[in-house]
Structure formats: structure tokens, C-alpha cells
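Undergrad: Look at TrEMBL and you will find 18-38, 73-93, 151-170, 176-194, 263-284, 296-317 tagged as transmembrane segment. The domain 'ABC transmembrane type-1' annotation in TrEMBL covers 19-319. The domain 'ABC transporter' feature in TrEMBL is assigned to 352-587.
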Amino acid sequence: MKHLAALNKYFISYKWRLILGLLFTAISIVFSVFQPIMVRQIFDLLSHNIDEYRILSHTSLNKIFRSDFTGVLAFYGISILIFALLSGFFLFLQRQTLIVMSRHIEYDLKNEIYQHYQQLDLNFFKMHRTGDLMSRITEDVSRVRMYVGPAIMYASRTVFLIVIIVYLMLQVNPLLTLYTLSPLPFLALTIYYVNRIIHRKSEKIQAQLSNITSIAQESYSGIRVIKSYIQEDASARHFEDASESYKDSSISLAKTDALFQPIMALMIGLSVILTIFIGGIQVIHGNITVGNLAEFVIYVNMLMFPFFSIGMVASMIQRAAASQQRINEFLQIRPEITDNPGAETVPLTGDIKLENVSFTYPHTGIKAISNFNLHIKPGQKVAVIGKTGSGKSTLAQLLIRMYDPQEGRILMNDNNIRSLTLTGLRDQISYVPQDVFLFSDTIANNIRFGDPTADIEKVQQAARQAYVEKDILSFNEGFETEIGERGVTLSGGQKQRISIARGLIKNPNILIFDDCLSAVDARTEKEIIGNLYAYLQSKTAIIITHRIFALFEFDKIIVLDEGKIVEEGTHEELLSLNGYYSELYARQQRNEEEGVNS
Ligand SMILES: Nc1ncnc2c1ncn2[C@@H]1O[C@H](COP(=O)(O)OP(=O)(O)OP(=O)(O)O)[C@@H](O)[C@H]1O
């Protein structure tokens with residue numbers, strides 16, 4: 001329960017809706033209890049007057065008496081109807097306030113979680129599965145909403161109804177009250193346990209359902225592989241197995257569900273029988289009237305739902321508490337990489353120094369960068385080359401503070417980047433990642449992601465510089481072409497170039513390209529390199545690559561191995577070293593020659 005205390009701040013901010021909702025609940029209940037009271041009065045009126053009616057039935061007074069009596073009955077009937085309408089109206093208002101409040105809280109909570117996710121470090125996302133993060137914001141939040149909305153609504157109705165009805169019952173006859181109420185706690189307990197079983201089974205079904213969905217999703221995405229390896233039957237069997245267990249669980253849930261209604265009917269029946277039996281004896285002894293008995297039967301029926309909802313509300317609260325606990329755990333995680341106190345935004349000219357930098361990935365213990373030293377001067381173009389896994393991407397990640405090194409420091413314009421604001425730092429660097437990610441949106445908007453204010457001319461210019469404009473214009477919708485599941489499928493090279501255009505449109509002083517030309521052919525690569533050369537004239541650029549761009553005059557080329565610089569110099573200097581670089585260059589030349597000759 002203590003976990004749910006985190007939600008109190010929302011109750012405070014929606015206090016007026018909450019107070020109004022509770023007030024409407026109370027008013028609606030007050031109107032609803034008039035019905036049994038009036039039924040009692042009708043019954044008593046009837047039983048008191050029935051003898052006189054019989055006596056008068058043979059006289060001329062009968063007509064007058066009958067018309068008066070019918071008038072009284074009609075009055076009661078209309079009053080009951082009016083009270084029922086009033087009660088219903090306030091019930092409507094109660095839902096309008098409490099359920100609407102819960103929707104507002106759900107909205108706020110979702111936004112709070114989403115915004116918190118955005119602040120967390122990459123490390124957090126590496127350590128949690130996407131599905132897990134999604135379910136916090138969807139399933140857990142909807143369970144919590146059941147607490148802040150329906151549970152509060154049912155609980156308040158239950159409390160008000162029980163208090164008012166039990167008070168009215170006690171006024172009539174305490175002994176009868178005791179007997180009538182005795183089966184109801186069992187009802188509440190049974191509903192609680194049955195509800196728990198239903199919930200456990202539903203959870204299992206939910207997991208099986210999401211398993212079926214991901215099997216289907218995976219086989220549709222991987223349909224080319226399935227067909228080319230003739231695995232359609234195996235894939236269908238896999239799906240069938242998952243569906244079979246889903247079916248079994250659903251049938252088992254249906255059986256438990258079927259218990260629900262009979263249990264309710266049994267408990268209501270038991271209470272009514274007890275009321276009529278004990279009440280009948282009390283009527284014979286003259287302790288209560290027939291009207292009281294009728295009133296009691298209605299009370300019993302009115303109390304059924306509140307007792308039923310005690311069980312339901314208890315399990316709703318239990319589930320909400322478990323979900324809120326999970327949400328709290330996430331919300332309490334603080335990002336390690338944030339603005340330090342006194343952080344400043346400093347204009348960056350491209351002077352970058354790495355001093356004795358070492359970095360180990362915290363969750364795997366892999367040392368990716370080891371005692372690294374490098375000085376890049378403003379306007380320099382630096383190539384970073386090295387085998388796969390040598391630490392090239394990690395180096396890029398450290399420069400934009402996706403991670404902080406455990407040892408050493410990184411300086412930009414002689415400021416430790418830890419003392420700069422994160423937005424100031426990242427805003428002045430364009431990072432084109434190795435794994436391209438494009439959003440399901442138009443091509444123009446994907447490029448504009450680098451500069452949301454850019455007009456279409458700027459977008460086109462960036463596309464031209466990234467040598468992808470011609471490709472884009474070949475699509476029917478041009479720059480307005482939708483990408484993603486329902487849009488066009490782009491080739492790997494086209495995606496990479498759109499991602500480069502996104503980096504270029506930002507137009508910062510520092511650019512980092514992380515192996516982002518791996519999927520383009522040699523001719524396109526040449527064109528882009530040519531364009532980049534002009535674009536990067538006055539900028540500082542770090543180009544991480546697997547291939548040597550001999551046409552690009554780098555000020556410095558560094559060769560990485562196991563997170564350390566093993567070779568450093570210009571193209572000519574490195575060739576003369578006869579090391580990894582010259583070997584790579586010779587291999588590349590041979591491949592190109594073979595490619596030309598074949
Ligand atoms: N997010 C991560 N979590 C844990 N270990 C990582 C992570 N990213 C990379 N590594 C490890 O760090 C080392 C350096 O990886 P990095 O991606 O920097 O190499 P790279 O030179 O860019 O490789 P490639 O050329 O294949 O992209 C590798 O051993 C890799 O397994």
C-alpha cells in the first residue's frame with residue numbers, strides 16, 4: 001500500500017474533482033435509500049388498511065376509500081420513480097467526476113514516466129528490455145488507473161451504502177440485521193479469492209497472447225527468410241503450439257469465470273432466505289411490521305454489490321500497488337549523466353582533447369577504451385580506423401556524453417565536458433550513428449529532425465550534400481514520401497544517406513560520422529566524400545570508417561586496437577609505417593583492382 005502513496009500528489013492536484021465525486025456519491029446513495037423506506041410505508045399502509053377495505057367493500061363508502069387509496073399508491077410510485085431518477089443522475093455525475101479524474105491522472109502519469117525515460121542514460125536502456133519499458137507505461141499505468149478511478153468510486157459507494165443501510169437496519173431490528181448481514185463477509189472473501197484466481201489466469205493468458213503476437217510479428221517480418229528456407233510448416237507448427245496453450249488457459253479461465261455468477265446468486269439467495277425466515281418470526285412476534293420485512297429484503301439486495309465490490313476493490317488495490325511499485329522503481333532511477341551543478345553552455349570551436357581516458361561498459365565489464373590520448377584542433381578532419389570491436393563507436397559515444405569515462409577527462413575548448421550543459425554539448429555536435437534509425441514519417445521530416453525549423457530548401461540542400469536527393473526525387477511523393485511499415489522501403493544505402501543529411505542540416509561546428517557509408521557503393525561513396533569535403537571545410541570532423549578514403553585529405557588518421565591508438569599520422573606517414581593501415585590499404589587496392597577487372 002505504501003507504494004500507492006506516490007499517487008497522493010495527483011489526488012491533491014485533482015482535489016476538487018475528488019471531493020465533488022465523493023459528494024455526488026453520498027447524494028446518490030441518500031436518494032437510493034428512499035426506495036426501501038417508501039416500499040415499507042406502502043406495505044404497512046396496505047396491511048393496516050386491508051381489513052377496513054374488506055369491511056367497507058360491501059358499503060357505498062368503498063368507492064371513496066378505493067379512489068383515495070389508489071391516489072396514495074400512485075403518489076408513492078411516482079416518488080419512488082423521482083428518487084430513482086435523482087439517484088441515477090448523481091450516479092452519472094459521480095462517474096463524470098471520479099472516472100474523468102482517473103483519466104487525467106493516467107495521462108499525467110504516462111507523461112511523467114515518458115519524460116523520465118527520456119532523461120535516463122543509454123546504460124539504462126541497455127539493461128532493460130523494450131517490452132518491459134513499454135509495459136510500465138501501458139499495462140502498469142492502466143492498473144494504477146483502476147485504483148485512482150473505479151476502485152475509489154466503488155469503495156466510496158460501498159462505505160456510504162453500508163454505513164447508511166446498516167444504520168437504517170439497526171433502527172428497525174438489530175437481531176435481524178445481524179442475521180441478514182452474516183453471509184455477506186463470506187461473499188466479500190469469496191469474491192476476493194475468485195478474483196485473484198481470475199487475475200492470475202488472465203495474466204498468464206496475457207503473456208501467452210503477447211507471445212503469439214510476437215511469433216506472428218516475427219514471422220511476417222522474416223517471411224523472406226522463412227520462405228527461402230522452406231520453413232512455412234515449421235513456422236505454422238510453432239504458432240499452433242503457442243495458440244494451443246493460449247486456448248487451454250482461456251478455457252480454464254472461462255471455467256473459473258463461470259463460478260462467479262452462481263456464487264453471487266447463492267449468497268444473495270442465502271441472505272434473502274435468512275431475512276424472510278428470521279424476519280417472518282419477528283413479524284409474528286410483533287417486533288417488526290411486514291413493511292420492515294419488505295424493506296429488509298430490498299436492503300439485502302442493495303448491499304450485495306457493495307460487499308461484492310469489497311472483494312473486487314481489494315484485488316484492484318493489490319494489483320495497483322504492485323504496478324505502482326514497479327513504476328516507482330523506474331521513477332526513482334536517477335540518470336547518471338546529467339548537468340552537473342554550475343554547468344555552462346560554451347560555444348565549441350572544435351578543439352577536442354582526450355587525456356588518459358579509460359572506459360569500461362558498466363553492465364558487461366568490457367574495457368572498450370584504454371588510457372587514450374588525442375588532441376584534435378579546430379577545423380581538423382580526423383579519421384578513426386580499426387578492426388571491429390576496437391572501440392571506435394565507443395569513442396564517439398564518449399564525445400557526446402552518452403557515457404562518462406571512469407578515468408581521464410575529455411575537454412572541449414579546454415572545458416571538461418562534464419562541466420558543460422548536455423543540451424549545449426549535444427546541440428553543437430552532429431553525430432551520425434552507425435545503426436541508422438528513421439522514424440515512420442516523411443523523408444523531409446526525418447531530415448528535419450536535425451533542425452526542426454529548417455524550410456524545404458534547406459532539407460533539399462542537405463539531401464543534395466548527402467547525395468540522396470536524386471533517389472528521393474525518384475519516388476512519386478518526393479520529399480513527402482512516407483517511410484516505415486506502411487511507406488516505401490528504402491535501401492540500406494539510402495537510409496544511411498538520409499541519416500547523413502539529418503546530421504548535415506544541423507550545421508554545427510563538430511561532426512562525427514560513425515561508419516555511415518558502409519552500405520553505399522564505391523561511386524556513391526566518392527560523391528559523398530567529395531561533397532563532404534566542401535561542406536566540412538571550416539568544421540571539425542571525426543570520421544569513423546572501415547575503409548580508407550584516400551581522396552579525403554585527413555589531418556590525422558588514427559588506428560585503434562583494443563581501445564588504444566596503435567598508429568597515428570597522415571595517410572603517407574601511416575603507409576610508411578607498414579603496419580595495419582598500409583596492410584588495409586594494400587588489401588583495399590587489390591579488391592578495387594579485382595572489382596574493375598572482373
Ligand atoms: N553498449 C555496449 N555495452 C557493452 N559493451 C559494448 C557496448 N557497445 C560496445 N561494446 C563492446 O565494447 C567494445 C568496443 O565496441 P565498439 O562498438 O566501440 O567497437 P567498434 O570499433 O565501433 O566496432 P565496429 O567497427 O564493429 O562498429 C566491443 O568489445 C564491444 O563488444
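Note: Cβ is positioned from N, Cα and C throughout, glycine not excepted.
Curation does not apply to TrEMBL; its annotations are automatic.
Give me the lay of the land around each of these features.
TA: Long-range neighbours of the transmembrane segment (18-38) within the same chain, counting only residues 6 or more positions beyond its ends whose Cβ lies under 8 Å from a Cβ of the stretch, are 11, 76, 79-80, 83-84, 86-91, 93-94, 97-98, 101, 152-153, 156-157, 160-161, 164-165, 168, 294-295, 298-299, 302.
Note on the transmembrane segment (73-93): residues 20, 24-25, 27-29, 31-32, 34-35, 38-39, 41-42 of its chain, located 6 or more positions outside it, place their CB under 8 angstroms from a CB of the stretch.
Counting same-chain residues at least six beyond the ends of the transmembrane segment (151-170), those with a Cβ under 8 angstroms from any Cβ of the stretch are 18, 21-22, 25-26, 29-30, 32-33, 36-37, 94-95, 98-99, 102, 176-177, 180-181, 296, 299, 302-303, 306-307, 309-310, 312-313, 316-317, 320.
Same-chain residues lying 6 or more positions outside the transmembrane segment (176-194) and placing a CB less than 8 Å from one of its CB atoms are 166, 169-170, 256, 259-260, 263-264, 267, 270-271, 274-275, 278-279, 282, 288, 296, 299-300, 303-304, 307-308, 310-312, 314-315.
Same-chain residues lying 6 or more positions outside the transmembrane segment (263-284) and placing a CB less than 8 Å from one of its CB atoms are 173, 175-176, 179-184, 186-187, 190-191, 194, 290, 292-293, 296-297, 300-301, 304, 308.
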